Amino acid sequence: MRDFDVIVVGGGHAGIEAAHASARMGCKTLLLTILVEQIGAASCNPAIGGLAKGHLVKEIDALGGVMGKVTDLCGLQFRTLNASKGPAVRGTRAQIDMDRYRIMMRNLCLTTPNLTVAQEMVEELIVEEGAVLGVRTQIGREYRSAKVIMTTGTFLNGLVHIGNRTSSNGRVGEPSSIKLSESLRSLGLEVGRLKTGTCARIASESIDFSVMEQHPGDLPPPPFSFSTKKEEFAPTQLPCYVTYTNEKTHEIIRSNFHRAPMFTGQIEGIGPRYCPSIEDKVNRFKERERHQIFVEPQTLEATEYYLNGLTTSMPFDVQEAMIRSMAGLQNARIVRYGYAIEYDYVNPVELKHTLETKKIKNLYLAGQINGTTGYEEAGAQGLAAGINAALSVKGEEPFVLRRDEAYLGVLIDDLVTKGTKEPYRMFTSRAEYRLLLREDNAEFRLLRHGARFGLVEEEALLALQKDEQSIHGGLVHLRESSATPSKETLAFLEEMGEEKINDKTTWLAIAGRKSFDEAKLRKISPLFEEMSERALGQVLIEAKYASYIQKQQESVGSMQEMLKVKIPEGFIFDTVPGLSLEVIEKLKRFNPPTLFAASEISGITPASLDVLHLYIHLRGKESVD
């Protein structure tokens, strides 16, 4: 007899999304966490979103997750990054009140129907005949369930470093989970070691902001959640500030390399490539005269500021000296020192696309345990794992997104097919079809799924369907109606500040001009006057990027057709030029019957599939000739 349908281990960003989704989908869910007060804690930087990460938050929101909604409720500053660039690479970012975010997330978990929260450390997975049956906690209690989702963050065998001092913690002040890590190893899962870190926090009264650059938020502020009403969204926004390291800072750091844990061999785990510590930056980029440091508020009261860009595990005296060498921080009082943390993770090639482990049935992994870094990557995985665990409990088909459907699809596909030996971070460059996967169309791509799972209200789906009809009608109107260079039309274009036309031109072409905006589009026809802001924005983007969007859609279609291609029986993979030895070895071992089956094999890249497809096609032509 089982106590719960789903057990979630860990109350961080992945665990919250997993537990919330599972419970909302009707599964009796248990969230086990070391400290209830720390559910939803933002352990590192006080921000949500950013380039590519903002896409993930929007996708979480469209699927019915909670990260975007809570961020809108406790954000301190909202900005659109890359606002001057194309819509595919723009990213929403928000500074958050870390205290309010944590409290809101904790209260959400404590009040969600079907969700039970308990403060207990899990020490062991109960596994019989290759399937997980539940967990055993530190106090000796057993909980039985149909599914278990591990969202343990940095707590698996966590080790904190400040100078030559180490402590067994999953986060400063909280114990690490050593026995649970041993339990995973005993099950035959490939466990590795990674490292991440955080920056010092400074008392606000000790900072001289007058000598720093000020960075305000955007007006109007861009919210994350589609459910947030833009016209009513008016959060109190606080500025961030910028200072810089200098040659004195670098000399202080260089002269203490012999005391840096990452250089002495004390730290063995591999750190994030794209978020290196300041000592690593000074060592690797010797030609750089300075590095930018963002001084960011942590709460609405702004009593502490976070030094973004100054991640470090240097001894406390070195941290004090290097911080006080920078403009505006000469009298800085450190409230909390920066530190590095090593932790265990499971190589994600151990997972299916549902995030269930291949070796242990009914066991799902999500978040940093899979080798990722970032709140957004964790939350997205947690949501996917929670949905899939709940669907499996109900006996329904799994939920797997393709690379052309969502950044979440790219994220999971990268992890399970390629694995990772270093903390994985999402970038827009990882998505081949990024023009189709914009922030602004996340609801149009994914909200239907959220509604199908019961995570999104019916009202939101109806509003989406209405907008889809408006968009279709608007694009048809633009394609099928034309403007001629008549006196009236030329006067109309001049009134809008648009260049004149010399020949008959479709309104789609005119609307596709860089200078053409929503206000001008509304003047073309009553059809656009009545359209919602969301729908109007989609029409304009479709008009401006019509040919590029069409090319990507055709590319997606070609890929889907390619995956249907059968691999001839007895095919000799060694004869295919351009395939690596590793790829050939895997293809020979699994002998996939189709290119789709080949794509499911860990380590088989889209480029490898292209090469294989071309060779099969050429072989087929030769046999016909």
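In case you wondered, yes, glycine gets a Cβ from its N, Cα and C as well.
The record from Swiss-Prot ties Gly10, Gly11, Gly12, His13, Ala14, Gly15, Val122, Ser177 to FAD, and of the options Gln368, Gln465, Gln469 it ties Gln368 to that site too.
Here the binding-site residues are Ser277, Asn283, Gln368; the one with the fewest Cβ atoms within 10 Å of its Cβ is Asn283. Between the binding-site residues Ala14, Val122, Cys275, the minimum number of other C-beta atoms within 10 Å of a residue's C-beta occurs at Cys275. According to DSSP, Ala14 (FAD binding site) is assigned to a helical segment. Fewest other C-beta atoms within 10 angstroms, among the binding-site residues Gly10, Gly12, Gly271, are seen around Gly271.
Its own atom aside, the Cβ of Phe285 (NAD(+) binding site) has 12 Cβ atoms within 10 angstroms in the protein chains shown.
Across the fold, the C-alpha of Phe285 (NAD(+) binding site) and the C-alpha of Gly10 (FAD binding site) stand 37 Å from each other. Across the annotated binding residues for FAD (Gly10, Gly11, Gly12, His13, Ala14, Gly15, Val122, Ser177, Gln368), the two most widely spaced Cα atoms sit 18 Å apart. Comparing Cβ neighbour counts within 10 Å across the binding-site residues Arg273, Lys281, the minimum falls on Arg273.
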